[in-house]
Structures are given as C-alpha cells and as structure tokens.
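If you check TrEMBL, you get these features:
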COMPBIAS  1-10  compositional bias 'Polar residues'
REGION    1-47  region 'Disordered'
COMPBIAS  12-28  compositional bias 'Basic and acidic residues'
DOMAIN    46-106  domain 'HTH tetR-type'
Amino acid sequence: MTERSGNASKSAKPESQRRARPKSEAGRRSPKKPADTTTRPTSRRELVENEIFEQAARLFAERGFAGTNLQDIADAMGITRPALYYYVKSKDDLLAKLVAQMTEAPAAEIEALAQDGSLDPVTRLRKIAHLIAFQRAGNPSRFQLLLRSEADLPPAAAKANRAGQRAALTGLMHVMEQGVLQGRFRPVDTRAAALAVAGMCNWVAWWHHPGGSLHTDEEAAELVADMAVAMVIRPDDRIPEVSGPKAALALLRQDLDYLERVLDA
C-alpha cells in the first residue's frame, strides 16, 4: 500500500507539472503577441494616416496652419496626443511626409517614364498623366492639404517640394518635345502644354468622388490620361513615316498647302 501510494505521489507530481506548464508557457508567450500584428500594421497605419491627413486638412482650412496644433488633430480623431505621436511627431513632420508621398515619389516615377526610350511619346504621356491623376484621385485630402500648406512648409520640405515639382514638369516637357520632334504631337508650346496636363491631373483631387459617375480612381485616371493625349496628338493620318526636323518640315508644308488652298478659295 505504501509502495503504491509512493508511486501515486510520484506520478501525481509530473501530472501537476503538466497541468501547470501551459500556464507558464502562456506567460512566456504573452510578450510575443505584438508580433501577430506584423501582417496588419501597413493597412491599419494607412487607415489611421489617411484619417490624420483628412482631419488636418479640415482643421488647417478652418483655422489655418498656425492656428492648429497636434492636440486639435488628436481631439478631432478621438485619440490621445501621445497616440498621435506614433504616426507624426510634429506639424512639420506631417508636412514633410506629405511632400515625400505627394511630390517626391511621383516625380521620381515621372522622370523614369520620361526617359524610357522603349516607349513612344504618346505612351509615355499617357502613363505619366495616368500616374498623376490616379494618385490625386486616391489621396485627395493629402494633395489639398499640401497645396494649402505650401507657405508653411519647413525649409527642407519646401526645397524638396519645389525640386519635385520642377522634376515632374521637366519630365512632362521632355515628353512633349519628343512627341513634337517625332511628329506625334502638334507643334505646341511644350511648357504650356506640360503645365496644362499637370493642372488637369491635379484637379482630379477636387472633382473626383468614388461612387459618382466615375466609380473608381482607375476610371478617373483613364479618362484624364486619354484627355491629356487628345490635347496634343496629331490625327493618325498626319503621322509622318520619319521623325526629326524633316518630319516637322513635312508637316509644316502640309499646313502651308492647306492655308494656301483656304486663301485661294
């Protein structure tokens, strides 16, 4: 009997340990829980940042940049100021993020497309216009906030913003010039045409509302890209077989011939 009870006590001890182990293991695992959010922070962060920019845009419009502080933005979002610090450290930090997302990143893509010799000017112009319009359609509050806050940008962000704007305009002008030289575009003022396209694309941030006549950002971007090309492209029957100065002269002769016929009529 004693031997059995001894064996029983021995067997009971490991059993109690086995019952206790899940608790200790659970205690050891609990610190690892934040790792479970690694698949979610991107989408959640984007949602929160979108709300931050939307509230900031509204408050800056109502009170001005100087009249708005981070506490105002936190109150509008229903969160604490320390919680807001997880996403933005200051108003200057918020504006710097805007410049990086809305000016610098697209400018780099525009430059790359403008210099892509594997694409003809028409395709390059369409892609650039689509890129700009699609971004504006998807981030209207951010773009509007950036425009309203340009005068309040910190020096480094202001410099980066101007550089990005110049790079984007230069890229568009380069594509326009290539299109004119190759006879694909009408002989337009390339700077004026580039500014017109940029303005048309930027304005999407104001008139496009998902669920309207154009249901998606993609539909809005496609429409604007088509219109950008239509502004400058020549009719298909006037595209010369060769490019360069000779092509431009050939088209000019056609225009002069047409003018003479009109005057003689």
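Any Cβ shown, glycine's included, is placed from N, Cα and C.
Just so you know, TrEMBL annotations are computer predictions that nobody has curated.
The helix, strand and coil residue counts that DSSP assigns across the domain 'HTH tetR-type' (46-106) are 47 helix, 0 strand, 14 coil. For the domain 'HTH tetR-type' (46-106), the model's pLDDT averages out at 90.
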